[in-house]
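Q: Copied straight from TrEMBL:
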REGION    1-30  region 'Disordered'
TRANSMEM  83-103  transmembrane segment
TRANSMEM  115-137  transmembrane segment
TRANSMEM  149-173  transmembrane segment
TRANSMEM  185-205  transmembrane segment
TRANSMEM  266-284  transmembrane segment
TRANSMEM  314-335  transmembrane segment
TRANSMEM  347-365  transmembrane segment
TRANSMEM  615-637  transmembrane segment
TRANSMEM  643-665  transmembrane segment
Amino acid sequence: MNPFQKNESKETLFSPVSTEEVPPQPLSLPKKPPPKICGSNYPLSIAFIVVNEFCERFSYYGMKAVLTLYLYFLHWNEDTSTSIYHAFSSLCYFTPILGAAIADSWLGKFKVLSLIGLSLIALGTGGIKPCVAAFGGDQFEEKHAEERTRYFSVFYLSINAGSLISTFITPMLRGDVQCFGEDCYALAFGVPGLLMVIALVVFAMGSKIYRKPPPEGNIVSQVVKCIWFAISNRFNNRSGDIPKRQHWLDWAAEKYPKQLIMDVKALTRVLFLYIPLPMFWALLDQQGSRWTLQATRMNGNLGVFVLQPDQMQVLNPLLVLIFIPLFDLVIYRLVSKCGINFSSLRKMAVGMILASLAFAVAAAVELKINRMTPPQPGPQEIFLQVLNLADDEVKVTVLGDENNTLLEESLRSFQKMPHYAQLHLKTKSQDFHFYLTYHNLSVYTKHSVEEKNWYSLILREDGKNISSMMVKDEGNKTANGMTTVRFINTLHKEVNISLTTDIFLSVGEDYGVSAYITVQSGEYAAVHCRTEDKDFLLNMGLLDFGATYLFVITNNTNQDPQAWKMKDTPANKLSIAWQLPQYALVTAGEVMFSVTGLEFSYSQAPSSMKSVLQAAWLLTVAVGNIIVLVVAQFSGLVQWAEFILFSCLLLVVCLIFSIMGYYYVPIKPEDLQKPADKQILHTQGNVINLETKKTKL
């Protein structure tokens, strides 16, 4: 055993791992080289891997594109929808730890991908994500390091190509196709499921030409045991008389081989560097939650076409496809010619800064939206409007629990209040008392309301009496940010309305109230309607994008029924194009952070722990989503302040990461290879020493 130094170095955490000799290994016979793509140095097998990744990412991102709005469609509020979205994302990035352990220690990457990852979609992400990038890297020989680096860029391009197409198509399947009169979420989720089947077929087609490194034992278990033994052994030998050792993991030398200790050293150094990374993912993944919800309150009508709020996410993969070659072929080369050492860790730090700036821009957009939209009822508040559908004037008085007057309004026939009145509650729900004065008749009634909601009190004539009904309104913008309409039918017969060729609804007789229906903005001059004995047309006029309308169908003397039009909530005024700068900034940050981090993780990982380190990289994504979940549930901040909070937190984390990166010394390729300077071949009793040449990664 080599003597250990008497004093532990303060830089052992960041120092490169030294190469030490291990027992000689038998010489393996040369294998037939794998087929290449068009005579290049790129193995043909990576084509199947890249196409498989495209299909799998189409499935994953296609489903995520509509997930937040689907949760909102199920009547969860924005915070709950955001929390569930990020809880799901976090689970998808936690399971790779399990997949990596199985891949490196038991089945190998290929079998995990084909048997576990693609067969069990619920846990499939755990099987796929830690293995597929590293499995592609395994297809390259050590002498083709430059081609392998380019492979990671192509791999990331395939991810974003799948994401680009799916995030554009699945919202169209949801919004443009109607299922049972509503958005077709079944089709939007079904098509990504079909792509998973295609991914399985494509991946299996290349099975005979894959390079499949065998698993190297239960690596995760060995790592944990090695670390535990080193810590416990150091604790048991803390006497001052015992010589210090160069690295704290060297205390495992009594039990574990030197090669494993060196690999664990390399692993722990990178894992320590990963600690600040989750904050970046906390910002990046909010494109599918907070930013999508922000888009529902913006105008998606761009003139040439209408952009759905969840389609705005298509900007991210589209810009990635543009930025990757732009950065690789132009920006990085210009920086290099300027004599600047733009290392991987520096690129990642700059990526953090860009993401932080993106959220500052998002906060500015949020403030601009708030100035253009009506306020929302808060805790123990409701917004109330009154509609008088009687034939004469009605005076309405709203009383509180202590008979104090909360609202007093006189409305002419077929008149509504000019705006919603803000009323305060003493509890989360309570009864409001109403006194209605009609002609010389006074009527007392009460209705129950709940906080944070919008209501319409509808007054109607019932013979010579006056009566009322309370209807809950759609005060918030709709889940998809589109125009919505609903109808009140004052006729004595049910009315069937055909808004478009595929949108139909029925409104009950005698003041029946329909549900809200999402429609495209535009002119609706002749909407076909039908009762049991006649057909007629309604002129609904021009419907603005994002507005909510109420139409009251009434009789018109000696003519067809007509519609009285009211706008409950105003149209979205701010164009959705204002989100473009924040998407451009965060995508540039992603290219510099994520693409670089993928290749960095592979290059710094010992050969036996490629999937483990890839899974640890993905684990930082999971932790980032948990951060969003916690902030969404417990911060209580308004949205623009929450964006500023995330922006500032990432700047602080970037500073910490930069300091850590300054002291980090990247592991050289030869330090990751198992020492094999001398291999011994036994032939007919003779011993032949063969000098082997190490190649750079």
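Using the three backbone atoms N, Cα and C, a Cβ is placed for every residue, glycine included.
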Q: Looking at 149-173, 314-335, 615-637, 643-665, which one has the highest count of Cβ pairs under 8 angstroms to the transmembrane segment (266-284)?
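A: Selected stretch: 615-637, with the most Cβ pairs under 8 Å.
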Q: May I ask you to check whether the transmembrane segment (347-365) and the transmembrane segment (643-665) make contact, with contact taken as at least three Cβ pairs under 8 Å and only pairs 6 or more apart in sequence counted?
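A: As far as Cβ distances go (cut-off 8 Å, pairs 6 or more apart), the transmembrane segment (347-365) and the transmembrane segment (643-665) touch.
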Q: So which residues does the transmembrane segment (314-335) touch in its own chain, when a touch means Cβ under 8 Å and the partner is 6 or more beyond its ends?
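A: Sequence-remote neighbours of the transmembrane segment (314-335) are 61, 153, 156-157, 159-164, 167-168, 287, 342, 579-580, 583-584, 586-588, 590-592, 595.
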